[in-house]
Amino acid sequence: MKVQPVLVNKDNYSYLVIDEKNKVAIAIDPCEPNKVISSLSSISSDIKINSVFTTHHHWDHAGGNNLIKTIIKDINVYGRDERFEGITKKLENNEVLKIGSLKIKTLDAPAHTSSHVLYLIEDENEPNQVKSLFTGDTLFIGGCGRLFEGNPEQMYNALYNVIGKLPDNTLVYVGHEYTLKNLEFAKTLESENENKELYNFYDQCKEKLANGEFTVPSSIAQEKLINPFMRCHLPSIYNHYLKENPNSINPPSPIDVLGFIRSLKDKF
């Protein structure tokens with residue numbers, strides 16, 4: 001299994017997940033289909049996209065679905081509900097599909113939108129290969145999505161109980177290249193003495209971007225080290241909440257802390 005990021009719409013990530021043995025590929029959030037198809041053509045002329053998997057209904061993720069259906073006849077377009085443009089099949093939570101040797105599991109993660117889903121993908125022909133998680137606008141490198149249709153409790157559940165309980169070595173492929181901005185915010189919450197890993201990781205990501213490289217993938221282990229929204233249970237993060245809410249229980253609810261730092265990030 002090969003994962004090829006495709007930068008579209010300035011800072012969106014679409015992805016090709018390629019089963020090279022069976023010469024089949026799936027596209028994740030191909031909002032600019034021609035760029036995604038061109039990227040695959042540069043890899044191989046023999047591999048064809050047969051399915052689209054969409055994380056949520058926003059135009060910069062689902063907005064290419066109808067177009068790709070006109071380019072690739074009989075393509076399957078998967079999503080969670082009728083708001084997902086052009087879907088041909090509605091998926092359910094924990095539903096598993098097999099395409100070639102790829103096994104794709106749908107995980108509900110309502111928060112950014114009420115029907116947002118994640119896709120956990122592995123290659124059955126490569127049992128020792130690390131799984132890959134496609135998070136759309138739920139989890140970003142160093143951040144999380146805005147709560148347009150959900151609430152802090154739902155985002156906490158998505159980050160801690162859905163994503164956070166997957167194996168730490170799971171690779172994370174996010175929906176936007178927001179990495180440096182997210183890490184700059186994270187650095188306002190934790191000093192270098194409190195989180196040396198955060199500052200080292202920021203420098204690494206800055207160098208990657210300067211060299212024309214992607215910052216994806218991250219990993220769940222990495223996010224637990226540097227992402228403030230997955231560190232709400234730690235004093236270095238929740239002390240900011242306590243300063244503004246001195247009458248709160250100590251330690252405070254990590255859900256309340258997440259909501260608080262999300263409101264700070266909204267204004268950052």
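Using the three backbone atoms N, Cα and C, a Cβ is placed for every residue, glycine included.
Taken verbatim from Swiss-Prot:
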BINDING   His56, His58, His112, Asp137  Zn(2+) 1 binding site
BINDING   Asp60, His61, Asp137, His176  Zn(2+) 2 binding site
BINDING   His176, Glu177, Tyr178  substrate binding site
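Locations of recorded Swiss-Prot features on the structure.
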residue	record	DSSP class
His56	Zn(2+) 1 binding site	coil
His61	Zn(2+) 2 binding site	helix
His112	Zn(2+) 1 binding site	coil
Asp137	Zn(2+) 1 binding site	coil
His176	Zn(2+) 2 binding site	strand
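For Tyr178 (substrate binding site), the count of additional Cβ atoms within 10 Å of its Cβ stands at 18 [all protein chains shown]. Sequence-distant contacts of Asp60 (Zn(2+) 2 binding site), defined by Cβ-Cβ distance under 8 angstroms and a gap of at least six in the same chain, are Asn9, Asn12, Cys31.
Of all the Cβ atoms in the protein chains shown, 20 others lie within 10 Å of the Cβ of Glu177 (substrate binding site). Long-range C-beta contacts of His56 (Zn(2+) 1 binding site), restricted to its own chain and to partners at least six residues apart, with a cutoff below 8 Å, comprise Ala62, Arg80, Phe84, His112, Thr113, Ser115, His116, Val117, Gly136, Asp137. The Cβ neighbour count for His112 (Zn(2+) 1 binding site), using a 10 Å radius over every protein chain in view, is 26. Shown in sequence order, Asp11, Asn12, Tyr13, Asp137, Phe140 are the residues of the chain, 6+ apart in sequence, with a C-beta less than 8 angstroms from the C-beta of His176 (Zn(2+) 2 binding site). His61 (Zn(2+) 2 binding site) is 13 Å away from Glu177 (substrate binding site) when you measure Cα to Cα.
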